[in-house]
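Participant: Just passing along the structure, written as structure tokens.
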């Protein structure tokens, strides 16, 4: 009705809308020869010419948001799709607004009554703003298919705000809503994109799919009304209407329907029906909802399409066709879903029988019903626990079904309880669980595992038991169930623990549900044994004897005591002290270092110093009885002063300990030693005492100077501490030694070493998630952090393998499928913590073992074989190809015929299908067989395929030419006809089927002034002008057209003469007819047309008459007959011009009266219908 842009309906008042209806009715023209059934274009609207395009509608603005598919992934969480709709329910207008989040896969909705669908569109924007404000989004990306909403948010809001929310002196429509939105847009960044809904499925993107989701959430279908008009003994469906808010304006017109029903075997007859849509404002679709009934059904989740849920007619005890015939004829029952919401997607309702079946969309209970306290979505699903439901754990699909006609009208509340099946395996929220147990934990100590397994299934299909893959003889598991039914696993200590014996236990915890068969999930459980102070310091010896010369200098090393505590950390800290039994004089003479246990000479030895000292030293640990060691010191008095050994250290030294890095080069200097006699009376010599790669040699040219140096690189991993002595003696035999300790410092000179370089593993396919594979072990000879090893997967490892960095536990997070990949080979790395870090690599090879988890698979689910009739017995009909992805015996397949075994047989090994007897098409034209394939697994798996055998007919019918009807007809062709213009066509049909009915057209003989000027399309039979016609080309052209089928073994054909008369006019028809009666002298130039083989019915397009129902008026009963006659005439005229509607060239076709023009326009839809 509206050309270009429609009027601004969101600004129109009710009075304006009434003017539109009146104007459209007045301007409707019926019978216009140029535009039959089309309304006149309206430009003078009641509000003025400028009213149809308001200033707001001139907004032409680039999209602010890219298509959803091109939106950055991190921004998609802020994208929302909005939509709104309304319908008429009883006496009220019901509206519904919805918002859809693609990332969360959820919708939010609001609904009310008394408003339009445009009001619902605006409410949906408010809903989206609520979500963005509530969750404090930085930006809201808004997608809508409403131009009104998009234009308003792009620019109109600013115009309305400047005009004080008025338009033409009146408040704008829904001003409070727009004012609220404008205020909120000042605080939030909102970017808007308009979504085009007129996109074919082949080009639909995720943006269009999400828009369809919000559209389904917003629509509230109320019902469908079906009327039936009777014509003789056959009924024709003429009206299916939805009670939507859209105003439908129509005028009375007619259309020619071609109806095919399964019961009709004869060619259908055209029905001319006068249809009216009468609109008198908002009407009541249905009288009342007071008669409501509830029906309960239940079914398992995951069922395929087509499973019967229940029969509403039977359960409501309604009369159905085929039962006891009533006393008076009754109208047929009709069942309709009042709303195809979320719940309606999962069911199919038969409108006639009332049977409910599952749809192609599989029901997933866990996705459909999430246990929550939120309100149920209308027409959707809910998790309930009321006593009225079939089970305390039911998941309900809620449907409203309307039963018509009025005699049986009622609203049926259908509740379908979805029973849980064990289709989800338990899953731990984390792949690695760590638990700490004190080493002094008593037997039967219980510790809760913080991350129990989760299973979306309910009841016995949820998690029931836990077990440890290896309990090491000291642990077990128990499960406790709380009041809400949640099961928590507890680790129980069953034996004594000792951290000093073993610090850690690594095992796998397995959760198992109660399904049949049970499903399992696993995670790695690391049990760490925490240290307690259960060990005290101990000395390796109880007594130490030391001799000290009386002339020793201050600071001389006397002895070192060392105790050991097996605990860790602060529990192993040891301090040293003198016992109270040690006299103060001994304490003053000998200094004891509390931390190191080193005893040194702290005062000068004189004649009054006692010769024997008993030093009782205590090793003190926290909370422990001190360990005791006794040091007996004997002082030898000398009359002469001993030689002096004076060191001067070159390497780092502290408290008599020299520190050298390993791998220092040979001849690394450590210290200079000066050897001298204090009395300068005696000759002094020296040497080096002790083991180690050290050398003491005179340092020339100086006397009494000696250099201590290394003789080879030091290795920390071989020996960490050396104790050597520089011994000096004089000619009198008096010896003095200077003890030197050399501490080797560790360097990161060792790489981690795997216990195995090639790690061979195997695991059965279909393993539980997070299954334990192995624990890698690598050692590093370095100390401290340099020796701490971390484990990493190599870059070639698939993402679903996990390697614990600390423990080296290797797991696989998903189920492996041998049929997808049988072997995995990748590298793992062990890296130390030194600087720079060193690493080593090992190769892991995992073999996935086969399980019989694949049924035999046919190449096609449906096989079709075409066999000529009288096919000989035991001839090869075809080969049934079947495969099984499993290996070995699991992949061996045997074939058998389930039905028709008395006629057909199949070769198990090769799959060759044969017939035992000759097949006769006259006895039976087709056969349907079911073939079963069974593999060799235990238990065996099977699958079936449908085999259709069609017996082919022979080619015994030549094509029948329907147009031209005679070889004597001719067609006037104007000389001004442009090249490429269609002139006429040859139309033929073939009563055969299949390839025997595929027709090709070719010109095999020509005669005329320039006969090459015309060509024929081999597929369609259309004859077109190839070249421009000149003055010399005037005259009669005779084209002999061969119409041939593609039959086998021998194609059949017919011929027809096409006569074309090139001239400006036909002035002497009798002369032309006399020429046509003469025998044409045409030479046959047989040429096979080159066309692609297609079914014949594809070349013909239906010139269907689509009803144009556009205007509304209540016509008096006396005018019905007149309008009916005019409508039939219009449809016939429209049908004649339908297939030439797009052509500007008009060709006159004067005929000799023997050709029916309507034969061109009433071509049937298929050849078989002729």
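Glycine is no exception: its Cβ is also placed from the backbone N, Cα and C atoms.
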Participant: With TrEMBL as the source, identify the stretch among 1085-1108, 1109-1132 annotated transmembrane segment.
Facilitator: 1109-1132
Participant: Please find, within the list 196-214, 215-233, 272-290, the residue stretch that TrEMBL describes as transmembrane segment.
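Facilitator: Based on what TrEMBL states, transmembrane segment spans 272-290.
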Participant: For the domain 'Cadherin' (755-858), what are the DSSP-based totals of helix, strand and coil residues?
Facilitator: 4 helix, 49 strand, 51 coil
Participant: Across the whole of the domain 'RNase H type-1' (74-223), what does the mean pLDDT come to? Round it, please.
Facilitator: 85
Participant: Just to be sure I understand, if DSSP states are collapsed into helix, strand and coil, how many residues of the domain 'Cadherin' (540-649) fall in each?
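Facilitator: Each residue of the domain 'Cadherin' (540-649) counted once, the result is 10 helix, 49 strand, 51 coil.
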